[in-house]
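Student: Pulled from TrEMBL, these are the listed features:
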REGION    1-23  region 'Disordered'
COMPBIAS  9-23  compositional bias 'Basic and acidic residues'
DOMAIN    261-353  domain 'Transglutaminase-like'
ACT_SITE  269  active site
ACT_SITE  327  active site
ACT_SITE  350  active site
BINDING   390, 392, 440, 445  Ca(2+) binding site
REGION    460-479  region 'Disordered'
């Protein structure tokens, strides 16, 4: 039989299937929905012409990775079907539909006609099938149109970072429709441990979003499987890129493929989460990024994180527990047939390698409703996610010489604050804390915590590491806090105020040991930048303020790209228990200004000006401007700038030629030798 030529009606099918943004020459369609194919060079279809659609290395009907179907008069809801649209001499058009639970991935389509006798089927070519959030029969069905636009089709995102006292945000280019990204996402599936162990079974499970979400949460990190990104939380990033310098997923995913699928160096939580967002949106699973402030990493699953300080007030790295200033994970939207309809909706997935689950570094999907209700026995990894937003925090004084630890105080309301995600259709922050837990301090919230402890078997078990009730009940004689009078900027001296108040009616003598350390965003101490001590007697009920100044010259060399400093005062109170005063500070980066000079019109050049003022008295060198933005320019534009003298202003112009209308985002990065990468973005409205 001669090879038929196939017309895939790329434009019309893509429009109907919300896949027009893909930059591929191959048909990309969504499951549970019809698409049209016309082929030439075949006789009129006979009654028993058969189509064969198959995917994966060992297609089989039993595994639902192969379907054979004839031409019928109506669409089948449960299986693949073809309905004749038109036939003329030598050309046939059919409308092909797939079931709403079909495995996603690349399919081969062929045709067998009785006229060809027993010869092998004639190939019509390949197409890619994706999840369909617009279709009510799909596990990932999302009723809101605006939500589908944001969580599947939007290539720009905003990531929230900083700490609970000062949230900052930066833009990200997900780029799920950019060149080759779809193929790379399919390669991730083919390179997973599950696929390597049993390819046929793996492919047969690819219709299930909870299966794919879990597999991809493992594949986005390099642990176990040579996945996409290698994590690095050391503060030293030789041999790779500082995680805070990335601005988009495209470079990372394309880099992974270009290197022969060797892990890209380096990632931290928001990079893992951003890349996972790209991959899941690309495959059609609605996905967003979520930032949790004061996020617990409870390594021993006792719903408690322990922090240790020495007598000087230094934060010690002891034990595996930690509290991160912020942590970023993903939520994906799908139904939970395994748990029941009440647990459907947003599911937590986390690609950051923190703890093993099922023997490998993967996390989720954990139903957000299950987390809120303390149903920590439900799949998958609910206890870990529950702890991230609910663990109790214990602060201990630890004496390395004797190994003795004494409780300073415990807090039940510290962990899981200001849980944030980007708004639908707007560049704003939305707070979703109440979707993760009941109001902090309410009876309901404490009841859920007890319920979770009980389910984890922590209620009845004696825990020798836990503080005694007497320790927990102790009341301090003084209170303290660090006040920050205004925004703190990199390049300026830091001004803080330590406020100490005597809560008693008799005088109290206080000896306060103060330290400041530069830290990573995980609050891992990097370098001491300042220490001091004060001895003071507070009169009854007296409050005193002690101004603190940390000069730029003291911290400049020690700051990591996170721009974070932890300030601690450990107050030894005569005749009373110690009081720990601490504050995590995020310094603001200097600003860069982006101006679009003139109107942005399709296929017309427009000038953009980027301005940066050097806020310090010293010259900054190695200045590089990086610009990217889908539909505004191709790839990443890099501009090397001359050194900038102290307090000088630099202004750079470049041209864009937008290729599509609508609201587009321009992402700009400025890097130099004195500051961490400075990021800014600008919405550009492109008109005809």
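Each Cβ is built from the backbone N, Cα and C atoms, and glycine gets one as well.
TrEMBL entries are annotated by machine, without manual review.
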Student: Filter the recorded positions 269, 392, 440, 445 down to the ones within 10 angstroms of residue 327 (active site), Cα to Cα, kept in sequence order.
Tutor: 269
Student: Take the domain 'Transglutaminase-like' (261-353) and average the pLDDT across it for me.
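Tutor: Averaging the confidence scores along the domain 'Transglutaminase-like' (261-353) gives 96.
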Student: Restricting to the chain of residue 269 (active site) and a gap of 6 or more, list residues whose Cβ falls under 8 Å of its Cβ, or answer none.
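Tutor: Listed in sequence order, they are 324, 327, 328, 329, 352.
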Student: Which residues of the same chain, at least 6 past either end of the compositional bias 'Basic and acidic residues' (9-23), have a Cβ under 8 Å from a Cβ in it?
Tutor: 29-30, 33, 35-38, 130, 132, 134, 148, 152-153, 155, 177-179, 182
Student: Can you give me the residues near the recorded Ca(2+) site, meaning same chain, not 390, 392, 440, 445 themselves, Cβ no more than 8 Å from the center of the site's Cβ atoms?
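Tutor: The answer, listed by sequence position, is 389, 412, 413, 415, 416, 437, 441, 446, 449.
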Student: Could you give the Cα-Cα distance between residue 350 (active site) and residue 440 (Ca(2+) binding site), in whole Å?
Tutor: 24
Student: How many of the residues that make up the region 'Disordered' (460-479) does DSSP mark as helix, as strand and as coil?
Tutor: 5 helix, 2 strand, 13 coil
Student: Are there any residues in the same chain, six or more apart in sequence, whose C-beta is under 8 angstroms from the C-beta of residue 445 (Ca(2+) binding site), and if so which?
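Tutor: Spatial neighbours, sequence-distant, of residue 445 (Ca(2+) binding site): 437, 438, 439.
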Student: Look at the recorded positions 350, 392, 440 and tell me which residue has the greatest number of other C-beta atoms within 10 angstroms of its C-beta.
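Tutor: Per the Cβ count within 10 Å, the most buried is 350.
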Student: Count the residues of the region 'Disordered' (1-23) that DSSP assigns to helix (H, G, I), to strand (E, B) and to coil, and report the three numbers in that order.
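Tutor: For that range the per-state counts are 7 helix, 3 strand, 13 coil.
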Student: Which ones in the same chain are close to residue 390 (Ca(2+) binding site), with CB under 8 Å and 6+ residues apart in sequence?
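Tutor: Counting only residues 6 or more apart in sequence, the Cβ neighbours of residue 390 (Ca(2+) binding site) under 8 Å are 296, 303, 415, 416, 437, 449, 452.
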